[in-house]
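Colleague: Below is one structure. I have some questions about it.
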Amino acid sequence: MKCKVTQLVRNRHSGFIHSFTRMSQEIDRTHYILPLDQPIVYLDANTAFQGLTDQEKLYAYYLSKASWVGGLITLLQTSPEAGQIFVLLHKLYSVENLKEFKEAAINAEFSEDDITALLVYSAGVFCNAGNYKGFGDSKFIPGIEASKLEKLLQLSQVWNQIEPLWEMSKDAIYDLSPGKTCLGYSPHGCTTYFSKNFTSADNEAVQKWMKRKQLEPYNTRCFKKENNGKIFYEIRLASVNYGEVEMEEFNGATYSLTSGDYSPLMERVVQYLKKAAAYAANETQANMLKSYIESFTTGSLQKHKDGSRFWIRDKVPAIETYIGFIETYRDPAGIRAEFEGFVAAVNRPMSSKFTTLVENAEELLPLLPWPRGFEKDSFLRPDFTSLDVLTFSGSGIPAGINIPNYDDIRQTEGFKNVSLGNVIPASYQQSVIPFLNDADIQLLQKYRVMAFEVQVGLHELLGHGSGKLLQKGADGRLNYSSTLFDPLTGKPPTSCYDEGDTYDSCFGPISSAYEECRAEAVGLYLSLESNILSIFGYNGSQADDIIYVNWLSLTWAGLCALEMWDPNRGWLQAHSQARFALTRVLIHAGVVTILQPTPQDLLLSIDRASLKGAGRNAIGHFLLQLQIYKATANVNAAQELFKAYTSVTDHWTSWRDIVLANKRPRKMFTQPNMILNKEVELKSYEASPQGLIQSWVERFDDPE
């Protein structure tokens, strides 16, 4: 689970808006075009890298190669055309010198804006692992009309190679027809996690079969066929090996479990992991990689769980890494996971603060607003480190992570927390802050990074890391006392998780947003504790300012989250929905006020004096509800509660228009590359579309 840290396109796009072909005239295409001044920042990791030994650098190098190759799978998980677009752009930039290509385009009477539009779109495809945003799941298209882009591409030396790819994908690139503007179930959205004829009812049927077989869907996709009234489901496991694992008739349908999805890419991941294993620092790391290799070779999720267990036991490594099918945000059903991999070096000074937080966790958990019986039987002290990212592949880079996501491991064996230390300050570069008064803007600019580090620490360790799931085993035994009472009803719990149930499988589409909301609420609630702030080195008036900025920053983000809500599609992003809910809770409590001083502006303010009174009480009660409903698998009550605080009606819809008029795009990250010559070196790139593109070209220097 992750803690993740967008302005209308300039009017200069408007001159060609109506020339796009075969598009609905009702669509405001400016919402689907990345701006020409798209902010791009560099993710600096040089200091951390230079502190590594030669062995650690080689270990990191091969893990990075495995992560980047595996990250190409994410393209195939995003949209049918994303892989084709990536190959087209990579072929183009692998041959073209960007400076010379630009000169040729200018000589052919293309404008600077035309060329920039292509470069920005290309950077977007690389950073988001496809043509849908990693944060928000909405599609983006080039800021240059199709016929003009085709003429621009024809100037390339490789036009004869990329023309077939262009012909295959050009209509899909610009398609903003219904069902193509965002990810989701067909016909309302686009997905490659299952076939177009696959519905939520089909998903329930497949889940029942998989639960019966004690299978979890993290590393799967599902494809449905119908023939003469008979339904056939093919459930594909991601693996090197091809084959049919099992076939069975069940409840009137045929279920076929096959392996070999993404096989060519999985094979390359395995090859690099084998090379990395030669430089493992200890037996635990070697066993971890061995398990991952077996998992990716055979498709066994159990082997990935075994690798995760070794990963948890690998305490305070110099190089931290995790790889596989991890987060379920982009599956419309909320249960299948996107491939990602990260490699990072430990930032020891900041990690020492998180270590102190872990050491005090047993004393801090009782401060949370639920009874002891709803907390895990014992707190399994995790590793909690601050990392400087060397590589992060996938559809986006979070600020913090709490993994593994497997309930059976998290509840009884533990987890790890990581804060991605170089991501947080990079995320706040070049920030524009609307909807606040000048004094609050100054405080936010001064303390935002420090406050967010505190919030990430609490969110990951004591948010995602807290709370028990009440379960009934196959033998009927309960993992909780028969004398336990639900604090919301004063009666014994009436529901729990059955054998084979997981939180994701029960809560489905709301699982990610609901859990992110619970973790964010924990962060707010516990950030009021002065002893916690002192762990991070903040005391007195500075601590008070950081508390205020933490609450201000989150509720401001909750207001700005309206850009991630669509009147036809609902919420497009889990973290945004979570922060909006918390902002609504605090508005109802009278702690937060939002006014509309002019028709084009909003003003958010917080009653600072009420944070430790009405603020604590409101968040505490809401957090209690979130935890009890999660613990008892009370999905209906959870849905009702969450809907009450995340429905966008009345004045919120008009305020959304104001938010959209003031939004700025999320920053893209240019990441470094590790290059192996006589030794491993870290190569940096400029924070620009050209620098970002060059980093991706050199990342995959093998044409295949």
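Including glycine, each Cβ sits where the backbone N, Cα and C put it.
Unlike curated entries, TrEMBL annotations are predicted automatically.
Fair warning: this is a prediction, and the values are worked out from it, not measured in the lab.
In case it helps, TrEMBL gives these features for our protein:
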ACT_SITE  E460  active site
BINDING   H459, H464, E516  Zn(2+) binding site
Colleague: Would you mind ranking the binding-site residues H459, H464 by how many other Cβ atoms sit within 10 Å of each Cβ and giving me the lowest?
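Modeller: Across H459, H464, these binding-site residues, the one with fewest Cβ atoms within 10 Å is H464.
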Colleague: Where the residue listed as 'active site' and E516 (Zn(2+) binding site) are concerned, what is their Cα separation in Å, rounded?
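Modeller: If we compare the Cα positions of the residue listed as 'active site' and E516 (Zn(2+) binding site), the gap is 10 Å.
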Colleague: Measure from the Cβ of E516 (Zn(2+) binding site) and count the other Cβ atoms within 10 Å, all protein chains considered.
Modeller: 26
